[in-house]
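Here's the structure, in structure tokens; my notes come after.
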């Protein structure tokens, strides 16, 4: 009788899929891109070579930017595992810019990529929701078109994976795993923005966007249609992650390099600068830890290349079909966590609430955001420092303008394709490339995110926690005393007003009776 295989004897077919392959990654300097690169270097070391298309930014050339990425805490584990020199040899930098004509790459690099590349991950995009339309089209849409043209020239291409977003077809309240018609002709839009002046494009933006709320959703929807158009000519898939949030498990729980999503919300509330939000508190958004998103990207690639599943070309990388967290839950959980793990320099005791009325929200913004900001800035100015709170509040309000659309609307996502992949996994793959959150402790995860944000975003080391807790207790009593004084003053004003009002009415009645 044959004995069952133990895990050590079961092969990792995903590792086999990428063994000896040359990978091209765009957007590798972004949050998701960094985690993709790290995953390849740590989990898939037999990949032949990784090529990263990187542009010069703020006078830093691509090689310098790659060095900074490798110096990130994200890569500490893999550097200990393989050594810095091995990592540097595993990654080749391609000097280029997806937003430029011809991708900004040299003819020599283009020829080399066409000869060598087997798999492309196109993740480069501007993720600013309020980006100018011309810039968003040139980077997100024309950039995708040019990447597809490059892919068509690649002699050994096995897969072109376009990383889109689950929030680009906002008219679909239930997003299926299929292509959708674009909101406009992408080729015409590209031509228009190429020859139009910036001012003209900006003036026409609202008309061009139509029902879509921002340039990000619009240009990503256009990009998807270009990939669909290319599918008869190249092996391509569309991957739609939802809101990508900090790492859940590996390599550094809670790590992120930005304050997008719930992390920024928890930091703002924890600092005491966000005290009101206009949103449907029973609504929810779809979040996906970045390590799970990367696992899903690799698994989808394996499904296409190894399993030869060519019928399924669109994958929604989402989580809300498994568990939903309402905005009210996020705030309630966040409040408990920020009491346990307070941030340094809290300007006011965390509090506030969500408002379903825009009018009440706007009044609260004036009372609890702007007036305190001007007051604090006045004190800062008198102390001889540069005021910052009004600037912070203006940035928060600008962020709210984008956030409110998503917080007051609701979408659901089909993700049967990912469930099918899970069922194909053997025990080794199921463990190494986790695609579910069944064992997630949400409170523990959010706490880990806040602890990591203190270290990696706010530069607040763990040894500052005792002082932060003392400061929070002081701010609690400041908040309590302020509220007591406010209500005492309010009662006094009402009482004074009532006496004056009664005297005025009495005088009026006396005059009318004697006239």
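Here the Cβ of each residue, glycine as well, is placed from N, Cα and C on the backbone.
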State the residue range annotated as transmembrane segment by TrEMBL; the candidates are 278-304, 305-331, 332-358, 359-385.
359-385
Range annotated as transmembrane segment - as stated in TrEMBL, picked from 452-473, 474-495:
474-495
Would you mind giving the whole-number mean pLDDT across the domain 'Thioester reductase (TE)' (25-297)?
93
